[in-house]
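Data first, discussion second: the structure below is written as structure tokens.
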Amino acid sequence: MSYLERLRSFEISHTQVFIAGAVLRMALFALPEVVMMLQRRPELSTPITSFRSIQEGVFIYQHGSNPYSGGTFYHSPIYLSLFSQVVPISSVCSTAAIWTLADLWGAWSLVKISRARNQKRYTRDALIVAVYLLNPYSLLTCIARSTTALDNAVLLGALSAAAAGKAAFSLISLAVAAHTSFYPIILLAPIIIHLGQTDPKQTKKALVLQSLLLFVTSTIAIGVFNFLILGDNWIHKSLGTSLEVTNLTPNVGMWWYFFTEMFDHFRTFFLGVFQLHTVIYIAPICIRMVDRPLDAILLLLAIFVTWKSFPALGDMGLCAGLIGCFPDILANLRHPLFSLTVHLYTSILLPLLHSLWLLTGTGNANFFYAATMVYGLNASLVIVDMLGASMRVEVKERVALERASDQSGEQDKKERIDGVCENWEVRKWHAVQFTK
């Protein structure tokens, strides 16, 4: 057996990747200089996800004051309660374990999403886990202890439950995710559509009403819990900051520089325009992808992680991990190599231009904002590419069904459909169209 044949036959289980991801994270957490450096990076932490902000908020809360009275704490009261009552935020080991477990849970949720969507036709669990756990965006976000990693874990738990048809757990988890980072509420519509397809016995109208009632009840219950603990100040400081963008700290998004230069009398109008741009795609995508709600979830998630008010690289790590559950879409992308190269380019350019601006003083804010625009433009091109790939997959499946229907016998029809579907497995994910 040649070296290449032995290399191809070498298989790594997803358990081994889980262990490698956990060990790598714990090893990096043991380097305090690296952790402190990453916590200060605007590409990884924003005002509403910063670990240092949580530390300050917990300190203020434990000394009898309301952390939302100042202008430095913007996190959800859920995190304030978690790190002041359950997990001691001063314990390095405890927080390292929480963030590591969150990433492991997110990776396992991706495996369950992949198995549910692909009906166990694929055996790429190890690759899916590796794409999430060993992705530099996800890894560095975890080491920086940004709450983006925790938000991603909660959201992936909601999506995996929806893929499995577990409506209650999915909608409650989505309500929690909406309280901690707000924008996951955009996924409510496609999740309800998917739940309706997993439970054909129940009428669509009844399922929609029950799902909305459960989600609204969960959201109100969490809000009442937060109100009893901290009053109503958290609404303006936590959710209001995401909507009104009162903090203009630089990040990888498009908002901060635009509203820094914006005249005050135009601010309200453009706030509405920017927020509307994030949600305006819900109806058309859900209508067009009504038969493929998981594809709609992927597209809407990619849209809001790109265009929300306080994005971070960890959000793109979530999108990269989720697209691994869609090998058919991945194989039909038109320009994956270009998109991947530009992401690599911006991951180098962002810290470089930020350093030129604020550390050496040889640049200005335009330098860093130019890099964020390249990052956002590339992410938008990826979204368009994924939409086109999803539609091409739909056409291929429809053609396969039409050809299968021309054959006599149900068994022969089933074999032909399975043959077309298993084509992606035979190609072993190497069928990425770089030239065609």
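Backbone N, Cα and C atoms are what each Cβ position is placed from, and that goes for glycine too.
The model shown is predicted, which means the values in this text are computed figures rather than measured ones.
Cross-referencing 16-37, 126-147 with TrEMBL places the feature transmembrane segment at 126-147. Annotated by TrEMBL as transmembrane segment, the relevant range among 88-108, 340-360 is 340-360. Only residues 6 or more beyond the boundaries of the transmembrane segment (294-310), in the same chain, are considered here, and those with a CB under 8 A from a CB of the stretch are 46-49, 113, 117, 159, 162-163, 183-184, 186-187, 190-191, 193-194, 241-243, 245, 251, 253-255, 274-275, 277-278, 281-282, 285-286, 288, 316, 318-319, 322-323, 326, 329, 376, 379-380, 382-383, 386-387, 390. For the transmembrane segment (366-388), the partner stretch with the most Cβ pairs below 8 Å, chosen from 126-147, 207-229, 266-287, 340-360, is 340-360.
Within the same chain, residues 76-78, 80-81, 167-168, 171-172, 174-176, 178-179, 188, 191-192, 195-196, 199 sit at least 6 positions outside the transmembrane segment (207-229) and bring their C-beta atoms closer than 8 Å to a C-beta of that stretch.
Across 126-147, 266-287, 340-360, stretch 266-287 shows the highest tally of CB pairs under 8 A with the transmembrane segment (167-195).
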